[in-house]
Amino acid sequence: MNRVQSSQNSVAENENCTVETPRRMAKSLKTAGIVTKIMLENFLCHDKLEVKFNEQINFIIGKNGSGKSAVLTGIVVALGERASATCRGMGIKDFVKTGKSKAVVSVTLSNKGQGSYKRDMFGDTITIERTINAATGSGGYKIINHLGKTMSTKRCDLDRILAKMNLQVDNPVCILNQETAKNFLHSNDANQKYKLFERATQMDVMRDEFSVAENELSRSKSCMKEKLQSLEMLRVDLKKWHTKKEWYEAINEIHDKKAKLENEILWAQVEDLEREVSDALKRKENQLAEIQRTQEKMQEQEERLAKLKENLRTRKEDAIEKRKELQTARAECAEVEKQSQEIVSRQREFQCELRQLAVDKQRLTNDKQALIKEIDKLKKAHGDGEYAQKKERRENELLKLKEREETLHSSRKVSEHLVEQLKGALTQLKNEALASRNELSRIQRSLDTNTKTLAELKKSDSNAYAVFGEWIPKLLQRIERTSFRGAKPRGPIGAYIKLRDKSWAPVVETFLGHRLSCFICSNDEDAKLLNRLIDEEIPRNRPKPNIITSSTSGRLHDVSNYKVRCSPELRSKDIHCLMDMLIIDDPDIANILIDLNGIEQVLLICEDRDARHLLADSNRVPQNCKSAITKEGNTYFPDPNYRSYCGKVKNSAQLLQASVEDAIRNADEEIGNLHREQDRIRQNLNNLSMQIQNNEGQLKQEEAKLASTRREITLVRDKTRVLENDSDVAEPTDILALEEDLVDVQAKLDRIDGDLESKTATLEELKRELHKVRQTITQHQTVISSLMAECGPLQDAFRDNETQQRNIKEKAEMLAASLNSMQSKFNDFESSYEAAKSKAEFEAENAAQVCARVPVTKSLKNLNSELRQLKEQIAAQEKEYGSQEYVLNEYRRRKTDYERACSEITCSQSSLKKMNQMSKQRKEFISRFRKSIESRTHHVFQSLLKTRNFEGEIRFDSIEKTLTLIVTPPGREESLQPTPKRARGNEATDIRSLSGGERSFATVCFILSLWDAIESPFRILDEFDVFMDHVNRSISMDLLITEARENSGRQFIFLTPLGLERQQLTNMDGLSIFKMADPNRREEEPI
């Protein structure tokens, strides 16, 4: 719009003024932007060319191919246009002369007069220099002041200079090259001419900008309509929230009550926290007491352990003496048992005789009693003397029977005691025998396993992997033949491990455990495939190796900062880092052991005393040491959490071996040890069987004796009962005969009693002797049982003692661990106490900031219940309206939104109203401006035609976008009346009917009329007179020179291959001619 500002002002002031008046008024003023000089270096056909221009009229003449158009192209390129604006190449790099790396174009502009740009900075001239790279077409700008100093290199500054000086480089009328003249001027297309008119007058830019403004205005109206609808919705919504706010202002009393409850709850929570502080203090004190009790228990365990050690030593010393005593007691017991058997044999003979005599005596006694009864009946009539004698005899007999019963009871008790002792000893012997049989079974299973392993190892053909199982070599072959996604699985891990010192192999094998049998894979898919292969190859009832999935890098972890520091002094004591002891072929396997077992932080210590000395004090613990193991298999953890655990290590390693031969040799040794242990246990079992057989014989004898004693007791009790229940004997009919029979029976009884007494005395003597012998046997057996109880299971007793010691140690370790745990808990309790105390104090301070301490009259549960009821009461309303805070916030927010929307819409409506007014004014102005420019161009065109007595006009059709030139040469009588729209297509034919010279003259007039409508410091025409004859060229040249003379404030540059006539050069003070050198046709380059 700035480019045509002067024309707009002149038209707006007076649309009906004559054309000459403004042309003569304002165009004599000097303006900035006139080209004073151009320099071309390696540009198109020029190696180096410098052209200086004067401020008014300049001609550049030369033959075709001399590079005239290169000057025009250089001005266009230097002022920032692209190659497409020159119509001479596909890209800027095409302008660099062939064989050159770059081109430089420099244009110097005048910075004096109207439209000058920062004259205080740049001075009277501004030089714009553009460099073009031949390879890429890139380059840069330099904007140089009159002193030669570069002031800027930015394109934006160039644009500002062009805008300020109104340099319309893209205007085809300001700079008219050959291609533009061909497309616009020499074309009969009315649409093309109209486009040229719009581009020259910038009407196309105005139209496009107005169209954009109209679209924006339309969108603004639509947006305003939507905003008004939204504003109404906001108003309705605000009214709804206003109603909710008013309701909440009426329930402040409920909220006051709620606030009081919340304050009371706040202080109730503080009191709960204070109670928690008290509870935490109690827990802390209780834990401290528990720690003290645990320390006492540890002291007690240490004392017990010392006693057990002393007891074990003493018992080992007594063991030899007790074995000697046992042998002596067994020999004496065997001798006494032999005596006992002889006495029992004699006693049995006497017992048989006594039983027969007792039967006879019983029979005679029955007869005697019958006779006495009969005699007593007969004598009853004569007195009771004999009855009294009979009663006395019966009572004496009862007394004897009771004494006998008491003797038998004593014998029964002794027998029962002896039977119980024999049964106890027999049970103990059978238990020992059962334990020995179980041990034999375990040894037999171990023998079977080791025998089978030995056979498998011998069949393995010295395959080192066979030590991990006879099926492992076949599995490894399957792995080798199978394709995996990642690297081949590796394993077993133990096969990749060797030891620098083989004596540590059992300890390391126990430490690594099942890890030695594991396989490693690089991804889950390979792990699943390997798992299927293992399932197919592994025999039944065999433990399945684990599979570890881990990324494989092939590089050993750098553990230099975490590895245990093992000094030369420690290594001299046979103390080593486990990682240093291992020789691992594969770094990925070493990384697995580092990650999972921490081998870089484990020490191997030969002696337990060295481990205790080294790890019990944190000052002596090597750096980075996490644990240590000894050759006994015991594990130690360093101070400050010092503790130790007992372990068990095999005599030899099974997996970490140098070869299969070592494994076979170890298996043979193990089988031999098992056979020797089996023979020892069998011999012990035979001894136990003999002892069990002897004890069972003695037990049977004692049980038989006990049964006999119990039968005799029963018989005595029956006799006693008969005597007690015997009634009086009836009197005999013949007393004398009965008395004789009684005397005979009595005599027999006396003889039997004598025999009985004699034999009974002998038997009693034998019984007493047998009793003494059995007492002796019992004493010997008691001694033997006692010695056997002490010496028989002596090894078990020793093991029990050792087990007790181990259990005590483990218990002590557990107590130590428990003590550490308790100490940790105590620390936690102390931290909890401090935290609870701090929290309680903090909450109390916070509560005090809310309100003063209020008495808590109810439990927190009841207070929460009341508060919940209040909240439910409020929630019943808030369910419909929402919370009070939410409602107030939403009301304020919506009110703010509504007020802001009202303000914005009011402002927008005002702006939209102004935009509507401005749009209407702009539209009216554009219409007036278009008409003014069209009228002005039309009048100038007519006045220029009249210089040769031509008639003509320019017909504009803004609807059809056409521009038609109507020209009538002198001597032709054609009407210039308006032509109907349908006939306008024939007008071009009328122009074509003109001669070439007449048509060129009309075109020059058209260009001059367009020049009058634009404002620009310079005009450039390229080969405008090529198609003119001599007369029309002379006339056109006069017109151009006259135009240039009248526009003394503008610069004109004409490029022509033709010369100038001498009469045209007279009285031309402001005219310069630059003649180009003739082209060298042999070295000519296309322009």
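Cβ from N, Cα, C; glycine included.
Remember, TrEMBL labels are computer predictions, not curated facts.
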Range annotated as coiled coil - as stated in TrEMBL, picked from 749-783, 889-923, 924-958, 959-993: 749-783
Matching range for TrEMBL feature annotation, coiled coil, among 412-446, 622-656, 797-831, 1042-1076: 412-446
Positions whose Cβ lies under 8 angstroms from the coiled coil (749-783), at least six residues beyond its ends: 325, 329-330, 332-333, 336-337, 339-340, 343-344, 346-347, 350-351, 353-354, 357-358, 360-361, 364-365, 368, 411, 414, 418, 421-422, 425, 698
The domain 'SMC hinge' (490-593): DSSP-derived helix, strand, coil residue counts: 50 helix, 16 strand, 38 coil
